[in-house]
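What TrEMBL says about this protein:
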{"type": "DOMAIN", "residues": "60-276", "note": "domain 'ABC-2 type transporter transmembrane'"}
{"type": "DOMAIN", "residues": "332-385", "note": "domain 'CDR ABC transporter'"}
{"type": "TRANSMEM", "residues": "80-99", "note": "transmembrane segment"}
{"type": "TRANSMEM", "residues": "111-130", "note": "transmembrane segment"}
{"type": "TRANSMEM", "residues": "151-178", "note": "transmembrane segment"}
{"type": "TRANSMEM", "residues": "198-220", "note": "transmembrane segment"}
{"type": "TRANSMEM", "residues": "232-250", "note": "transmembrane segment"}
{"type": "TRANSMEM", "residues": "256-274", "note": "transmembrane segment"}
{"type": "TRANSMEM", "residues": "351-372", "note": "transmembrane segment"}
Amino acid sequence: MLHVIGAAPGAHTDRDWVETWKASSEFHGVQKELDSLAQSRHVTSEADTQDTSYAASVSQQFLACTQRVAQQYWRTPTYIYSKLSLCFITSLFIGLSFQNSPLSLQGLQNQLFSIFMLLVIFAFLIYQTMPGFVTQRTLYEGRERSSKTYAWYNLILANTVIEMAWNSVASLAIYFPFYFLVGMYDNGRITDTQHERGAFMFLLTWAFMVYEGTFAHMCVAGAPTAEVGATLGLFLFMMALVFCGVLVPYSSLPGFWTFMYRVSPLTYLIGAMISNGVGKQELTCSEIEFLQFQTPENLTCGEYVGQFVQAVGGALSNPGSNQTCLYCPIASTDTYLTTMSIRYSERWRNFGLLWAFIVFDVIAALAAYWLIRVPKKGTRLLFWKK
């Protein structure tokens, strides 16, 4: 070969082999192959740069993380037993305390406060939820985040989904003792809406438990410890509970604080629960709740105050009597609910607004974790970490 190309000692050639090679078809074929390899490498590199942080796709990460969180919950039976016991015993105690409350003035007040007292377990439920999440978060930040096992948002979403599943079971432990013992199941008998009201009350109870889980994760997602998250959660919950319209009706709130009534999720939850439980019913005063007065001679109770009752409302128990008249100031449960700024027709709207709060909590939990605990280049936003 060296003699042919003139590279050997004493050898000589008149052909320019470089130009011969460049003019050959093989040269052009090699160039096309090189161009093709370069182009394919460029396309592959662009595809790889789209998501090279993790070995698995987002959906695979979420499924694997959700499965692991579910196993961790299952292997922590004390948390599950504590949640179910708290829900069942509390609802049973409240149900027995307000058992078979009638549709009287005091009975309506009792049913309203039974719902109010039931919602107080919200604070204890978030106390139970937060430590488990902090344990999983510590494991993720110490091991999975550095090894790029899965993305941080899958940690939040997986815990939210599994907590929602167990809270759905806990909602059954609340619903049956509370709803049937208090006596709300019987209020729809006259209007033949017992099944509809019962199903909707369960949906409200379920939404309440789902909201508890998302609220707890929102408060603890960016907090350094479960204690800090619990303090924040308790403050927000107490503000929502105080201004929900039960302790102080909306009409009696100072002007500055009326906005708290509107932004409190418990406003809409309690409104939907009590209106579904007692709305569209006749109210009958008990013996001690009647206003008693005497009529003038030769006049019956109906003749004496009939026009007054038609103008003001209420009901006469004995309109034909000409002696002691028995007057009930309120004749309908809807009239009572109106004094609390609650309407039966708004119960489904309130249910939808409650789910809007749930979605907000999930978004806020993701935002809080990203803002406070996700490492960022060139910034020091992790002011809660050393």
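Cβ atoms here come from the backbone N, Cα and C positions, even for glycine.
Through the fold, the transmembrane segment (351-372) approaches residues 152-153, 156-157, 160, 200, 203-204, 207-208, 210-211, 214-215, 217-218, 221-222, 265, 268-269, 272, 381-384 of its own chain, all at least 6 residues removed from its boundaries and within a Cβ separation under 8 Å. Here the domain 'CDR ABC transporter' (332-385) returns a mean pLDDT of 88 for the predicted model.
For the transmembrane segment (256-274), the residues of the chain that approach it from at least six positions outside its boundaries are 111-112, 115-116, 119, 200-201, 204, 207-208, 211, 239-246, 250, 337, 340-343, 346-351, 353-354, 357, judged by C-beta separation under 8 angstroms.
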